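Below is one structure, written out as structure tokens, with a few remarks after it.
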Amino acid sequence: MARKTLRARRFFSLIFPFFFITSVYAEQTPESAKTVTVEAKNETFAPQHPDQYQSWKATSEQSAREDALAEDPRLVILWAGYPFSRDYNKPRGHAYAVTDVRETLRTGAPKTAEDGPLPMACWSCKSPDVARLIQQEGEDGYFHGKWARGGPEIVNDLGCADCHNTASDDFAQGKPALTLSRPYAERAMEAIGKPFDKAGRFDQQSMVCGQCHVEYYFDGKNKAVKFPWDEGMKVENMEQYYDTIAFSDWTNSLSKTPMLKAQHPEYETWSAGIHGRNNVTCIDCHMPKVQNAEGKLYTDHKIGNPFDNFAQTCANCHTQDKASLQKVVAERKQAIHDLKIKVEDQLVHAHFEAKAAWDAGATDAEMKPILNDIRHAQWRWDLAIASHGIHMHAPEEGLRMLGSAMDKAADARTKLARLLATKGITHEIPLPDISTKEKAQKAIGLNMQQINAEKQDFLKTVVPQWEDQARKNGLLSQ
């Protein structure tokens, strides 16, 4: 019965055009459409399509900041030596995409366009201005340089032109005109046998989200974004790919392990779960069709929790009531959280024990297999926990990855115990007090007072200059 209901609703959705956002552009020939500059100002599309625009704008209501490091100080140790040890908040609404990347301590406090710790690539999932710059400068031109170079250019929050070809005839006629606005995402989909232009509508819906909600790394001297899917999308496939090219995001400052940092692999984990395998898309659950005050259907662009629109999302397929499904999801979330903490405890000990081994005179040859185990354990843990919705998208895969991470961490600690014994160290390696974020940051040598002061100065002096320049150049509304 549930499957028939889903088919009926999907057939219904085919009858009515996808009311995403239609174009303000006049009708164009295919040739002229190719040369139209990407329009990054989202409010441009508001007059003709107020429902979609207002629902997108309502992502600003998702304003709460949740400090993941304060909630779980172990993370500071696992990311010692990496900017994530300074600052890591859980995600919030798309309307804060640009604000949050400016304000995070991870992007530093650059004074000039050539200053700062991070590359231009760190803008790549934040704004339709990225698509505009890639169109204007080419990929190599866009990726060239430091993150601060993009400050006066990337000023509009993630929105219309990130997902829709707003200059196309289809879009002007009210069709969704979905597009992959990032060429590197298009290449990645082709690498896994999913060329976008040959994909069906439902596949395209999730592929558009998969431009950003994926694992990626910065490749080559230009630090260009690349998805590590050449060997496949499972955690072991990506691990093998990274190992083969000898890639690491950073070296943990305690254990000296060459580490991998997972990003937000929702597309990969969704693909591995029951929803992905049955082609229930991101849109089905997070952007359902809803009615406006006049009873007209439109796609809700306030991307959020499916339970907030239960009748339009979960109830399309499931016969259980909302409370029953919430109970199931909560149990899965708790199971993943419990195993996550156990793995983190093992990894924290492993990093400090590895430091003790180095301090005791361990050699590179002695440490290599141990560091490899730590690298693989933390990578598998990170890919599981960096996908914030894994308890819903693929709980079985999440538990499998965490179980594998636990095994690898145990292997590392067993080898460390044996190695330390050869150095005359048989007692347990004590841990410093890492019971709070502040204490953990102090334990790895971070001067947070200075880091925060520099950031505040940057926000007060540099960011206003960026915005003034953007307005003068017509990139921001006055």
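Heads up, the Cβ atoms here are built off N, Cα and C, so glycines get one too.
Per Swiss-Prot, the features are as follows:
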- 1-26: signal peptide (SIGNAL)
- HIS94, CYS209, CYS212, HIS213: heme c 3 binding site (BINDING)
- CYS122, CYS125, LYS126: heme binding site (BINDING)
- CYS160, CYS163, HIS164, HIS301: heme c 2 binding site (BINDING)
- GLU215, TYR216, LYS261, GLN263: Ca(2+) binding site (BINDING)
- TYR216, HIS264: substrate binding site (BINDING)
- HIS275, CYS314, CYS317, HIS318: heme c 5 binding site (BINDING)
- CYS282, CYS285, HIS286, HIS393: heme c 4 binding site (BINDING)
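A map of Swiss-Prot features onto the structure.
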{"residue": "HIS94", "record": "heme c 3 binding site", "Cβ neighbours (10 Å)": "22"}
{"residue": "CYS125", "record": "heme binding site", "Cβ neighbours (10 Å)": "21"}
{"residue": "LYS126", "record": "heme binding site", "Cβ neighbours (10 Å)": "24"}
{"residue": "CYS160", "record": "heme c 2 binding site", "Cβ neighbours (10 Å)": "27"}
{"residue": "CYS163", "record": "heme c 2 binding site", "Cβ neighbours (10 Å)": "25"}
{"residue": "HIS164", "record": "heme c 2 binding site", "Cβ neighbours (10 Å)": "26"}
{"residue": "HIS275", "record": "heme c 5 binding site", "Cβ neighbours (10 Å)": "19"}
{"residue": "CYS282", "record": "heme c 4 binding site", "Cβ neighbours (10 Å)": "21"}
{"residue": "HIS286", "record": "heme c 4 binding site", "Cβ neighbours (10 Å)": "19"}
{"residue": "HIS393", "record": "heme c 4 binding site", "Cβ neighbours (10 Å)": "24"}
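Within the set of binding-site residues CYS163, CYS209, CYS212, HIS275, HIS286, the entry lying nearest in space to LYS126 (heme binding site) is CYS212 (CA atoms). Same-chain residues with CB within 8 A of the center of the HIS94, CYS209, CYS212, HIS213 CB atoms, the heme c 3 site residues themselves not counted, are CYS125, LEU158, GLY210, GLN211, GLU266, CYS282, ILE303. When the C-alpha distances from CYS122 (heme binding site) to the binding-site residues CYS163, HIS286, CYS317 are tabulated, the minimum falls on CYS163. The local packing around LYS261 (Ca(2+) binding site), expressed as other Cβ atoms within 10 Å of its Cβ over all shown chains, amounts to 19. Cα to Cα, HIS164 (heme c 2 binding site) and CYS212 (heme c 3 binding site) are separated by 14 Å. For HIS301 (heme c 2 binding site) paired with HIS264 (substrate binding site), the C-alpha to C-alpha distance reads 20 Å. Ranked by CA distance from CYS285 (heme c 4 binding site), the binding-site residues HIS94, CYS160, HIS318 have HIS318 at the top as the closest. Proximity note: of the listed binding-site residues (HIS264, HIS275, CYS317, HIS318), HIS264 have a CA within 10 Å of the CA of GLU215 (Ca(2+) binding site), given in sequence order.
In the shown protein chains, 16 other C-beta atoms lie within 10 A of the C-beta of CYS317 (heme c 5 binding site).
Classification of HIS286 (heme c 4 binding site) by DSSP places it within a helix. Put simply, CYS282 is the one of the binding-site residues CYS209, HIS213, LYS261, HIS264, CYS282 whose Cα lies nearest to the Cα of CYS314 (heme c 5 binding site). The closest partner of CYS212 (heme c 3 binding site) among the binding-site residues, by CA position, is CYS282; the full candidate set was CYS282, HIS286, HIS393.
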